[in-house]
Amino acid sequence: MSITPQEALQRCIEHRELFHDEMTAMMRLIMSGEMSPELVAGLLIALRTKKETVGEIAAAAQVMREFATSVQVDDRTHLVDVVGTGGDGAHTFNISTAAMFVAAGTGAKIAKHGNRSVSSKSGSADVLEALGVNLALSADQVAKCISTVGTGFMFAPNHHPAMKNVVPIRKQLGVRTIFNILGPLTNPADAKRILMGVFHPDLVGIQARVLQALGMEHALVVYGRGGLDEISLGGPTLVGELKDGVVREYEIHPKDFGLNTAPTNSFKVANAEESKKIVLDVLDGKPGPASDIVCLNAGATLYVAGIAKSIASGIALAKTAITSGAARQKLDTFVVTTQSK
């Protein structure tokens with residue numbers, strides 16, 4: 001090994017970057033349980049204090065993927081993940097979860113990777129479970145769902161068993177670490193297209209460049225101004241787009257797409273059951289701000305998936321998927337398929 005954990009810690013304390021092979025070696029020690037909890041905690045805090053670089057995050061993500069239980073999808077046409085880092089503190093209903101069924105209703109193949117709530121009132125796994133989805137699927141069963149239904153959900157604990165070495169340390173620390181931003185970068189189906197929400201504007205450019213380093217085909221990394229890890233109806237959304245190997249950053253606004261603005265707090269929920277009700281209302285065609293924000297995010301998903309030529313045309317397709325009943329049908333078929341395993 002080119003560096004010891006103690007040397008890596010010292011380097012971070014001095015605000016010096018770890019090289020790719022060094023970060024790779026450190027992450028392998030962490031994920032395998034070979035590094036002591038004290039050193040893991042120290043290194044995580046030192047990395048956070050100096051601010052993790054694009055190279056360090058990319059190396060860490062690659063190691064997490066090495067240790068993950070992968071999902072083998074044969075037909076990868078229009079395969080896309082729609083995911084958020086969480087941690088935005090907005091406590092909204094599960095916008096991206098609703099958007100996945102709308103996008104699937106238009107022909108996207110969704111390989112969604114998510115977990116239970118950490119800081120929100122309802123994580124993607126929580127609301128899917130409330131909707132009747134069986135989370136305890138094997139990797140092969142998830143792959144079959146994606147190929148037959150066009151929708152698959154990879155419950156993070158089922159695919160990242162090595163995280164058991166890190167979870168107790170993260171809980172004890174109680175602060176954000178690099179692991180808060182690694183989850184969305186470690187899709188077990190290796191989807192090359194992604195709509196990713198982040199909890200801080202600084203992460204938009206960083207995560208877009210990490211995705212670039214990881215060889216993604218097309219990605220939108222978004223931060224809703226005012227604090228939302230989705231594309232917002234409350235005002236501008238900062239976007240980092242990776243396309244054709246190039247990253248560019250810009251802002252979009254709901255009015256760009258003919259949508260009315262709505263404050264983020266109008267989407268707040270107290271628990272997964274409340275989130276479930278809004279998701280079902282949207283998929284059943286109830287008009288209003290909740291439907292608008294889902295169509296906005298589904299439209300962006302369809303753009304990234306390569307089905308729509310723009311976010312605007314994606315929104316139009318998303319609205320049709322709802323009014324035709326295709327989006328609700330995707331949910332119902334997905335629930336039945338997961339329960340029949």
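From the backbone N, Cα and C atoms, a Cβ is placed for every residue, glycine too.
Keep in mind it's a predicted model, so treat the numbers as computed, not measured.
The 5-phospho-alpha-D-ribose 1-diphosphate binding site annotation in Swiss-Prot covers Gly84, 87-88, Thr92, 94-97, 112-120, Ser124. Look at Thr92 (5-phospho-alpha-D-ribose 1-diphosphate binding site): DSSP puts it in a strand.
Summarising the annotation, Swiss-Prot assigns anthranilate 1 binding site to Gly84, Asn115 and lists sequence analysis as the type of evidence. Other Cβ atoms within 10 Å of the Cβ of Gly84 (5-phospho-alpha-D-ribose 1-diphosphate binding site), summed over all protein chains shown, number 27. Under the three-state DSSP scheme, Gly84 (5-phospho-alpha-D-ribose 1-diphosphate binding site) falls in the strand class.
In the three-state DSSP scheme, Glu230 (Mg(2+) 1 binding site) falls into the coil class. Positions annotated as Mg(2+) 1 binding site by Swiss-Prot: Ser96, Glu230.
Per Swiss-Prot, anthranilate 2 binding site is recorded for Arg170, and the stated evidence type is sequence analysis. Taking the Cβ of Arg170 (anthranilate 2 binding site) as centre and 10 Å as the limit, one finds 18 other Cβ atoms among all the protein chains shown.
Annotation source Swiss-Prot lists Mg(2+) 2 binding site at Asp229, Glu230, citing sequence analysis.
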Entries of Gly84, Ser96, His113, Asn115, Arg116 which, being binding-site residues, have CA atoms within 10 angstroms of Glu230 (Mg(2+) 1 binding site):
Gly84, Ser96
Could you state the CA-to-CA distance between Arg116 (5-phospho-alpha-D-ribose 1-diphosphate binding site) and Arg170 (anthranilate 2 binding site) to the nearest Å?
15
Quick one: give me the count of other CB atoms within 10 A of the CB of His113 (5-phospho-alpha-D-ribose 1-diphosphate binding site).
27
Which residue, of the binding-site residues Thr92, Ser96, Asn115, has its CB surrounded by the fewest other CB atoms within 10 A?
Asn115
Those binding-site residues, out of Gly84, His113, Asn115, Arg170, that come within 10 angstroms of Asp229 (Mg(2+) 2 binding site) at the Cα:
Gly84
Hey, does DSSP put Arg170 (anthranilate 2 binding site) in a helix, a strand, or just coil?
helix
